[in-house]
Amino acid sequence: MNSFSNLPAENLTIAVNMTKTLPTAVMHGFNSTNDPPSMSITRLFPALLECFGIVLCGYIAGRANVITSTQAKGLGNFVSRFALPALLFKNMVVLNFSNVDWSFLYSILIAKASVFFIVCVLTLLVASPDSRFSKAGLFPIFATQSNDFALGYPIVEALYQTTYPEYLQYIYLVAPISLMMLNPIGFIFCEIQKWKDTQNASQNKIKIVGLGLLRVLQNPIVFMVFIGIAFNFILDRKVPVYVENFLDGLGNSFSGSALFYLGLTMVGKIKRLKKSAFVVLILLITAKLLVLPLLCREMVELLDKGDSVVNHTSLSNYAFLYGVFPVAPGVAIFATQFNMEVEIITSGMVISTFVSAPIMYVSAWLLTFPTMDPKPLAYAIQNVSFDISIVSLISLIWSQAILLLSKKYKQLPHMLTTNLLIAQSIVCAGMMIWNFVKEKNFVGQILVFVLLYSSLYSTYLWTGLLAISLFLLKKRERVQIPVGIIIISGWGIPALLVGVLLITGKHSGDSIDSAFFYGKEQMITTAVTLFCSILIAGISLMCMNRTAQAGSYEGFDQSQSHKVVEPGNTAFEEGPAPVNEPELFTSSIPETSCCSCSMGNGELHCPSIEPIANTSTSEPVIPSFEKNNHCVSRCNSQSCILAQEEEQYLQSGDQQLTRHVLLCLLLIIGLFANLSSCLWWLFNQEPGRLYVELQFFCAVFNFGQGFISFGIFGLDKHLIILPFKRRLEFLWNNKETAENRDSPVSEEIKMTCQQFIHYHRDLCIRNIVKERRCGAKTSAGTFCGCDLVNWLIEVGLASDRGEAVIYGDRLVQGGVIQHITNEYEFRDEYLFYRFLQKSPEQSPPVINANTLQQERYKEIEHSSPPSHSPKT
């Protein structure tokens, strides 16, 4: 809804092509006056791509196990204890306090304190007594502490380096406000919660307050700010040359490494979210990204009494932009240290970072408008829509490739989600084409309008149709759902509406705005479509909520039907929640004779039989590996039951109901904004600046829905990241294919395999290997990849699931274990692997086993290893 046709009559002539007729003054900053622009908006988009591109690289490195969570801690320590303190120290030393606008700092402090205490009080009133104080301590910190240095500073530098370079120094002054004045209050609440949980009567009130203040003083950022201010006066704002080069070397490494580390910390944070967590996250993110920016801006407008009107306006805009910065990773560190509200805080950090990018982009565009002239506004919305459509289309292509390659599009509700993604893709393509259609090409405009608005109305309707299908899935389990009717409705009704609009509507010839191409009739049609979709989606989700027990939504990583962890979304966690092995793979076996695989065409094949759902014994059995070693060494995927069940597991996967519910909730928010825009235009003749902001939000939502879909469905590592990693390794190292492991392996892999065979292999076999049926009357000793990962962590051979996967992959490369069909590398999933027979040439090294680990083995032998959720 990019319409400004309701502005005063003298400004209604927007028929000209904005890209050709706008003057230069409008093109640069959209400033109709002769004043210079307050910020360099042309550098914003590249800065956002730079920052979030590095974050994405870090995420891919963590998801692909190039850097494990344990290894990432070293990078985090370097960033927080060396790079950032050096950067802070130098900038505090050279800071010119005479140029600081202290009223700006007071305004930010009041705004942050207001949000902090509002969130704190509401949490104390609403939260359950069991965890009231921990929530009241961490949630306000979440809502007020921004990622000032890693994400904020590069963006401020891009916007204000050429116009107001002194604004960069405010980052170093504003950041300690939260750390020194507000965070101690939150820490004290957390210490009170810890005291209540432990019932430690000896811990008095003074000690609790002291511990809270001590945590603040231990923060390197706070410590270095005080040291830097002291040396500011001692050195007279001049850093010695021999020290300056050293500080520059550390400080210059901060930005890239901090953003990369941020991506690493985002891996697997969205996990096992319950229904109640959705509400909490939405409220916290709203407080951080919407309430705080507005309060910061209003406080500066109210308290700043600067002489320059331009500087006053620019400061208030800067305050708003500062408030939009996402949550700092340090909040997640605080939650982990206290072991309180970790899931909500870490998940919120990821979501706020993801959501803040489009908000910062739109906010910066809005802040460049000194007047309400409709021409530059319409031009800006056209360009924002075009830019977002390009990136969104790429995200949608990625997400659709995930659904196609995983074959989830064949099952519900992913079949309907695929239609939604296709409609969103057509919307982006239509917007891109609309941008190039000439004003006088009426036929071209009509054709593109039909393409654009048929698909846009389809995205509106698919939100409601997807919600009602989720309700039917939840209500009727696997009962047949009228998929054909839903698909026909999702595409047919929008096409019918656009057809009626073409026949009955009157073309508004003086507008190039697609949202007002057919004037009032189009706005009414859009409003009715939005209202119906919101009504259907809202009723469906409420009914779905009533039919489900409180908190019974499955986690992001758990399947409702199989209780299997969904591939690609489990965190590197030290103590994951227990998940049972799929029922597909468990039962008793009446006969456990050696597999009677026969040799044919150079390959071993198990006898062809009808599929049997249950294949393994309920108790671990020590198989005769020398006897059936060749069993399933090259099982045919069309005849072996284990291979068939693997394929069924990989294809069926998870219905991902929680992800679809979250998708519907986020889309409903955008539908409400569009409906508000339509109603505002129909009933209000004086739109004002808030209406303009709403128009920008609607444009970003309509053509940026791909970001939401990508964030929810586009991050499957096994279909995109790992294949790319394997291909890159193949090209880099010129390796053989996975089936040919005859090439020499590295000495490190040899040593790992020899140590495992000599000290750990037999115990591992006794603990995790089970007899599983692979033929009519045959069985083989196999184990699941996730079971080996759990065992490696249990005995201390790996510190986390990421390192365990690397260890298992070394065993595969060294020929110690092998996938039953040799199709997959080692994965932390319910895929079947087997131990290969010991090679005579493999002599164990002379290494003394650790006594403590041997004692640990004795304990493990008397107890079965716990079942952990796989890291996939």
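Yeah, the Cβs are placed from backbone N, Cα and C, and that goes for glycine too.
Predicted, not measured: the structure shown is a model, and the values here were computed from it.
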Site from N311, N614 that Swiss-Prot describes as N-linked glycosylation site, others unannotated there:
N311
Scan N17, N96 for the residue that Swiss-Prot records as N-linked glycosylation site.
N17
Where Swiss-Prot splits the chain into topological domains, do S80 and G808 land on the same side of the membrane?
yes
Candidate annotated in Swiss-Prot as N-linked glycosylation site, out of N383, N545:
N383
At a Cβ cut-off of 8 Å, and with pairs 6 or more apart in sequence only, do we get at least 3 pairs between the transmembrane segment (170-190) and the transmembrane segment (417-437), yes or no?
no
Under DSSP, the topological domain 'Cytoplasmic' (339-348) has how many residues in helix, strand and coil?
7 helix, 0 strand, 3 coil
Inside 10 Å of the Cβ of R659 (cholesterol binding site), count up the other Cβ atoms and send me the figure.
21
For the topological domain 'Lumenal' (297-317), what's the mean pLDDT in this predicted model?
72
Neighbour count (Cβ, 10 Å) for Y59 (cholesterol binding site):
22
Out of F45, Y59, R659, point to the one nearest N383 (N-linked glycosylation site) in space (Cα versus Cα); all of them are binding-site residues in the record.
F45
Helix, strand and coil residues within the topological domain 'Cytoplasmic' (128-135) as assigned by DSSP:
7 helix, 0 strand, 1 coil
